[in-house]
Amino acid sequence: MAIGFIGAGRMAQAMARGFISTGVIKAQNITASDPDPRMLRFLKNLGIATTLENTEVVDRSKMIVIAVKPSIVSKVLKEVKDHVTMDKIMVSIVAGVPLSILEENLPPDTRVVRVMSNIPVTVQAAASVISMGAGALPDDSELVRELLQCIGICEEGSENLLDAVTGLSGSGPAYAFTAIESLADGGVKMGLPRDLAIKLAAQTLLGSAKMVLESGKHVGQLKDEVCSPGGTTIAAMHTLERAGFRASLINAVEIGTLKAIELGQQKKKEAIEQQKLEESLEELDLEQD
Ligand SMILES: NC(=O)C1=CN([C@@H]2O[C@H](COP(=O)(O)OP(=O)(O)OC[C@H]3O[C@@H](n4cnc5c(N)ncnc54)[C@H](O)[C@@H]3O)[C@@H](O)[C@H]2O)C=CC1
Ligand SMILES: O=C(O)[C@@H]1CCC=N1
């Protein structure tokens, strides 16, 4: 299947590389566009067709991934709208931008899928959740899920979950990287060489995450099994609890979610203002006629 990326930044590069390295899509079946030729260079080196024209991506692809920043998504969709036909699936990975806004900027009944994924697509370990637009066909859900499952896990859910997904797993890698860096800092403070400390911290998060996903045990039980009575871990856990470790993470997910909601509301406000502007221009035209 021919896939296209509009916007060739970090997420598009990571997804394209994931599709190619898992063999699910061949490089010659991928096209990517970006106004910045430097962003296209990486994809070109993978054997992907690149262009400065977003419309060319739509023309050449059956599934088009919109991978631009939220601020320009409406402008980009308007630009390609006339090239979007019923045989194409438009997949947005843009944070915060609701299906309603994506659909308003595309022809009626366009097959639209909204996705929230995360940067571990780079290593085929993404956490993605998809939500189907009104015009999407039942097979589209299966197709997009199958594709995303090649580069990590993928669940389907209703759209009202996606902002919380953004606050948790979309932004979550940044929290995890900071946790790894901080654990390593602790190791360095206590005398470990930096490279060993980073390796141990990263492997500790990886191994713990694997146990949560594979053991079937409750996370609280897994934590309890590390805490020996009167031991080192429970002493360290007490310090974390006193410092508000859990509350900090809960707050981070809450704030990330609220920011995604704010982005969506901003987009809806902009769409209403744009519609009002177009209506007043039409009235003005009629008066002049
Ligand atoms: N970075 C992340 O961890 C995640 C990002 N996302 C979402 O993915 C989307 C892309 O994010 P990143 O890849 O991080 O951003 P990025 O800034 O790395 O990539 C965006 C690309 O769009 C290009 N661009 C700008 N104007 C354009 C236009 N008119 N037409 C086509 N391309 C244009 C830019 O040159 C840039 O290469 C965003 O909407 C973000 O919310 C979602 C989940 C995780
Ligand atoms: O920070 C952001 O807005 C994007 C969405 C999720 C991760 N990065």
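Here the Cβ of each residue, glycine as well, is placed from N, Cα and C on the backbone.
Database features, via TrEMBL:
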type    : residues                                                         : note
BINDING : Ile6, Gly7, Ala8, Gly9, Arg10, Met11, Ala67, Val68, Lys69, Pro70 : NADP(+) binding site
BINDING : Asn54                                                            : NADPH binding site
DOMAIN  : 3-96                                                             : domain 'Pyrroline-5-carboxylate reductase catalytic N-terminal'
DOMAIN  : 159-262                                                          : domain 'Pyrroline-5-carboxylate reductase dimerisation'
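You'll find the Cα of Lys69 (NADP(+) binding site) roughly 14 Å from the Cα of Asn54 (NADPH binding site).
For Ala8 (NADP(+) binding site), the Cβ neighbour count at a 10 Å cut-off comes to 28, with all displayed protein chains included. Annotation for the binding-site residues Ile6, Asn54, Ala67, Lys69: lowest Cβ count within 10 Å of the residue's own Cβ, Lys69.
Other Cβ atoms within 10 Å of the Cβ of Arg10 (NADP(+) binding site), summed over all protein chains shown, number 13. Within the set Ile6, Gly7, Ala8, Gly9, Arg10, Met11, Ala67, Val68, Lys69, Pro70 that the record links to NADP(+), no two Cα atoms are more than 14 Å apart, and one pair reaches that distance.
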